[in-house]
Structures are given as structure tokens and as C-alpha cells.
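The following block contains the structure, expressed as C-alpha cells.
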Amino acid sequence: MPALKAAYLLSLLLVTLQQAASTENSTSLTRHLENSTSLKKPDILRLHEDLFVKSGYHPYIRPIRDLKRPTNVTLDLAMANIINLDEKNQVLTAEVWLRMKWTDEFLTWNVSEYGGIETIATQAENIWRPDMFLYHNVNHEFGGWLEDVVMISSDGQVDWKAPAVTMSACLVDVSDFPFDKQKCYLQFGSWNQDGRHVDYFSESEVGDMANLIRNVEWDVPKLSVERHEHNFNGVPYPDVTFTMHMTRRSTFYVINMFLPCALLAFVVGATFYLPPDCGEKISFGVSVLLTLTVFQLVVAQEVPQSESVPTVGLFIIVSLALMTLSLLATTFVMNLGDSGEENHPVPGWARKVFLKYISRALLMGDQSGQNEDELWYRYNAYPSPEHMKNNTIYINRKVDGNSIYSGTERRSRLGLPARPERKSRASPTKLEYLLEIKGAVEEISAYMEKLDTVKNIHNDWKTLATVVDRIFLVLYLVACIIALVVTLLNLRGFMEPEGSHAGDDTS
């Protein structure tokens, strides 16, 4: 009996040991199969599965273990192309490459456990991203940044490059048009998350312009960067602002707008060189005035509607005012030239001041000629041309030759003083005929001299009008030069050298 019992226990022990051995073999086989399966799956798949599937990662949860600390986001911007700056609507359209970096504490791994993989690429929609927004965005079709690929490093560093075409408001100051310099701001920050959750920083003090395509109208000498922090109800809202310093390329506007306006302003001076009695003086000035008005309308179409008037526009307005004054001056000169119709000589003071001294100063020589008293004496010493026209100076005879005008009657008809009458009324002799002829010749000579005197009076008035015309010409040219110089001095973009924006402070 004891022997049977010992045999039974021994057999039971052998069965237990056999079951234990089979269980261990099964476990080792399972482990071997699992190891074999693990060796067949690529490391990148295992890493992706461990990061986004097994870990329970969610893209809507801010990736930081201590929620009291903000997630720091570093921004950098590369300017690729200035598509358009609409001055009238004050909208800047540009192609930019935005670069953002932040640390995702939930996306870290040991490089040695995944075949030395240090960086992986994944879709941006799979990870958490800051709700970054472009302030003053005016593109209604812009729905956010492109859902592009992001790069993730083993230490959790996320590098996201987001290209986009932005349309932002840009306040345009056209005071110095077409030599103006503009500043357009691209301001980035969170719309909902304040600085206690997401904080923004700039990677450098200047933006990247290495790949900027040259614009035909605008030059960008500098792209500066600044970080701002605004408090609303005690809550900080940080942002990063990129300031584009833009200088207009003014060659096109100078050749096609500014230079023609300046030339037209100076061309009006030619009206003062036309003779005072020329009827085309007024029509020529009016034609140039209308032409400059057309240029004023062109300038008004190029600049936005605002209270800020371009300096070039002010120059055109001043030129229009000067042209209007020149037309008034031309009317005065033409009226002055016709003052000789009344046969009054030029006053002595005007002859001395204008025809003698001022004409010399204008390099026209001494135009004074005879003085006023001499002209008045010569004019009053002989009958007027009208009187001479109404009274014949020829010797009238009757057919029978017995009758002629007597000298006294002829002198009375011609307005000359009467000669003493002879006592004898005998028939005229041949000598008396000769004397009568001599008197008629003297009267004709006096009449011609008076005509010359009247002509000289008219010429003196025309000469005076010409001298006054030259005075107005000098005054007009001086006023145009002053207006042009003042315009250029007020143009900051014209006076400042290129690259002066490099030292400007951004606001």
C-alpha cells in the first residue's frame, strides 16, 4: 500500500512537470512570434503608431504637461512677392512664407528605440497648432493657412512652414507722391487664446527677403520685425508685427506725369513773348491751362480719396493759379498796348521808370526816345489827322481858272492861324500861285509829321506794354521756379537717399 501511494504521487508529479513545461514552451513560442512580427514592422510606422495611436494624442489639446505655462511660438516670415498695393482701396496683396516653431511635449521619443529616426513628417491637421490669425485681413475668401506638412523632431520641436497669399489693410500716405515711401504692417497673433496660453516671439529682428521677386513699382529695402503685447481687461494678447518699408519707383510717374506738368507750367511763359497786339495770347494760355487741368484729373485718379493732397497735386494747383494770373496779366498788357488809340503820350514817370531804367535792366535797351512834352508840342502844333481828312489840302480851281481858295480860307479850314490879309484884291499873280503851292506843301508836311507823331505815341504804348510783358514774364518764371523748388524740398522721398529706411523706427 505505501508503495502504491508513492507510485501515484510520482506519476502526478510527472504530469504536473509536463504541463508546466508545455506552458513555458507555449509562452516562449508566443514571445518568439511577437518578436518576429515586431521585426517585420518598419520603425517609422511603429513610431507613428506610438505617437498618435497608442498615446491617445489629440490635436485639440494644447501639448504641454503644465497647463499653467504658455506654449511659446516663434514666428519668422519670408517675403516672396508683392503682388499689388491698391492705393485707392488701401489693400496690400503679397505672397509670404510664414515659418512657425513650437515645442510639443507629447510628441517626443527615444531615437535609439526607433532605428535612429530623429525627424518625421506628418500632416498639419494631425497635430495641435496655434490659432494664429492675420489681423486686418481683408480677403473674404481666405479660410486660414494651408493644411500642409509639418516637421517634428525627437525632442518635440515642431517646424511648420505655411505659404499663403495675404490681403491686408495698409494705410497709404500719398503726401509725397510719386516719391512716397509707405509702411505696411503684417500683424500675426492668436484670436482666441491669450498670452497666458500661447505666447508669440520673433525669430530675428528682420524678415527674410532673399527670395523676394523684384516688383516693377515698389522697392522693399527692409522688412523689420517687432513683438507687441496689448492688454485687454488685464489679459495680455501678444503679437508679432512685420513692417514692410516700401519705396515707390518714381521714374514712370516722373516721365509721364510730373515732368510734363512742370514743362507745361514753364511753357505758359511763352505767352509773354508774343506781341501785345497778338490775338493768340489768350487762346494759347487757355489751351495750356486746360491741358494742365487734365493732368490734375489724372493725379486725382491715381491717389486715394483723402484729406492728404499729394505735393505734386499742390504743384499743379499752384501752376493753375499762376496760369490764371498770367492770363489776367496778358489781358492787362493787351489793354495797355491799345491805350495809344486816344493819342495821349506815355506819362513822363512811366517813360522814365519803364522805358528807360527797367528796359535796361531787362536787357532791352533804352526805349524812352522823345519825352512827353516834345510829343505833346508836336501833336498840338499841327491839325489832327481827322481834321486833315475832312478838309482837302489841294488847290481847287474853277474850270474857268478864276477861283481858288484863299490862303486865309484854306488855313481856317485846316485849323492853322490866319495870315494877315493883303489890302489889294488884285488878280493873283504867278508869284502868289507859287506861294500858295508852298503853303500847301508845308501843310502836307505838317500833316505827315503829325501822323508820325501819332504813330510814335502808339509805338511808345506798345513798347511800354512789351516792357510790362517782360516784367510779368520774369515774375512768372521766378514764381514757377520757387514753386518747383518748394515742391521738391517738401518731397521727403525725393530728398532722402536710398536705403534711408534702414535706420527708421517701426511703430
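Here the Cβ of each residue, glycine as well, is placed from N, Cα and C on the backbone.
Any TrEMBL annotation is an automated prediction that lacks curation.
Among the features that TrEMBL reports, domain 'Neurotransmitter-gated ion-channel ligand-binding' is placed at 46-249. The domain 'Neurotransmitter-gated ion-channel transmembrane' annotation in TrEMBL covers 258-483. The feature signal peptide is assigned by TrEMBL to 1-22. Annotated transmembrane segment per TrEMBL: 252-275, 282-300, 312-334, 471-491, in sequence order.
Walk me through the surroundings of each of these features.
Here the transmembrane segment (252-275) has Cβ contacts under 8 Å with residues 177-178, 217, 281, 284-285, 288-289, 291-292, 295, 298-299, 302, 312, 315-316, 319, 322-323, 326, 329-330, 333, 462, 466, 469-470, 472-473, 476-477, 480, 483-484 of the same chain, all six or more residues outside its ends.
Panel annotation: around the transmembrane segment (312-334), residues 177-178, 257-258, 261-262, 264-265, 268-269, 271-272, 276-277, 281-282, 285-286, 288-289, 292-293, 295-296, 299-300, 303, 465, 468-469, 472, 476, 479-480, 483-484, 487 of the same chain, lying at least six beyond its termini, place a Cβ under 8 Å from a Cβ of the stretch.
The list of residues near the transmembrane segment (471-491) in space but at least 6 beyond its ends in sequence, with Cβ under 8 angstroms from a Cβ of it, reads 176, 179, 262, 265-266, 268-269, 272-273, 311-312, 314-315, 318-319, 322, 325-326, 329-330, 333, 358, 362.
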